[in-house]
């Protein structure tokens with residue numbers, strides 16, 4: 001604790017400066033401490049904001065590519081509603097990076113982790129729902145998928161993000177994160193930061209994301225025997241493994257870091273998770289749509305699927321392809 005001293009000819013009297021002020025040793029005055037946080041003008045903040053904006057631009061670009069080629073098999077296989085929910089999740093995940101930049105406020109601290117948690121839960125639920133939808137279409141009896149199988153992906157799309165929303169609401173209500181000032185002893189500055197990231201609620205948010213990622217990875221591994229046109233196992237595996245490794249590696253760092261360093265680490269982790277998932281799930285598909293259109297035709301899909309499963313009848317394959325692409329509940333679909 002710094003002391004401010006008033007010197008008289010016969011006596012010297014010192015008193016402690018307030019927490020928000022400091023003084024040099026032997027000084028007769030106290031000065032306000034400077035406030036340190038991750039401001040918008042710092043180079044690392046500009047870099048994080050630029051990467052977040054680039055991620056949102058790439059997400060919109062993928063959305064435009066899929067909309068412009070909406071009548072092609074790859075786009076139809078994306079699942080329509082599932083795909084749009086996935087894109088919305090990526091946009092929110094990238095935009096949540098901006099919440100770690102700037103002066104921490106009570107509202108910002110309450111939104112930082114929940115916004116990312118809910119948006120990425122939507123992304124993971126979309127991946128899981130699409131994989132389950134394809135698995136149910138191929139593993140059901142010919143032309144007779146059950147009503148539950150045809151609706152299971154919708155249940156996943158609703159329940160997955162809802163549980164995360166419930167976790168976040170309970171966290172914010174019972175043990176809300178908030179902004180606080182930290183006064184390092186003997187330093188001419190104070191830290192303005194969010195606290196609560198190491199709480200039980202934050203652990204539940206991260207744990208639920210890991211649960212969804214594990215379920216998506218397990219379903220992807222089960223679907224790896226399907227034809228390549230309907231098999232996202234490799235991309236999902238890469239995305240989920242990067243997600244696991246990233247969060248396991250930085251969780252101790254997040255719990256031990258303070259001030260602007262904690263915000264930088266959180267922003268980097270969010271961007272890395274979102275970029276890896278976006279690239280693993282959509283980069284190759286966009287490449288095929290834009291530069292290999294001959295592989296994005298019904299004829300190519302029928303041929304490659306029949307080559308992959310030559311023992312199955314053509315009518316069976318056409319039925320399953322129709323179930324995946326068009327979502328038809330029964331009957332054999334003709335693909336011209």
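A Cβ is built for glycine as well, from the same backbone N, Cα and C atoms used for every other residue.
Residues 79-102 are the range that TrEMBL records as transmembrane segment, among 79-102, 175-198. Between the listed ranges 14-36, 152-174, TrEMBL ties the annotation transmembrane segment to 152-174. Listed by sequence, the residues of this chain that lie at least six past the ends of the transmembrane segment (152-174) yet keep a Cβ under 8 A from its Cβ atoms are 79, 81-82, 85, 110, 113-114, 117-118, 121-122, 124-126, 128-130, 132-133, 136, 199, 201-202, 204-205, 208-209, 212.
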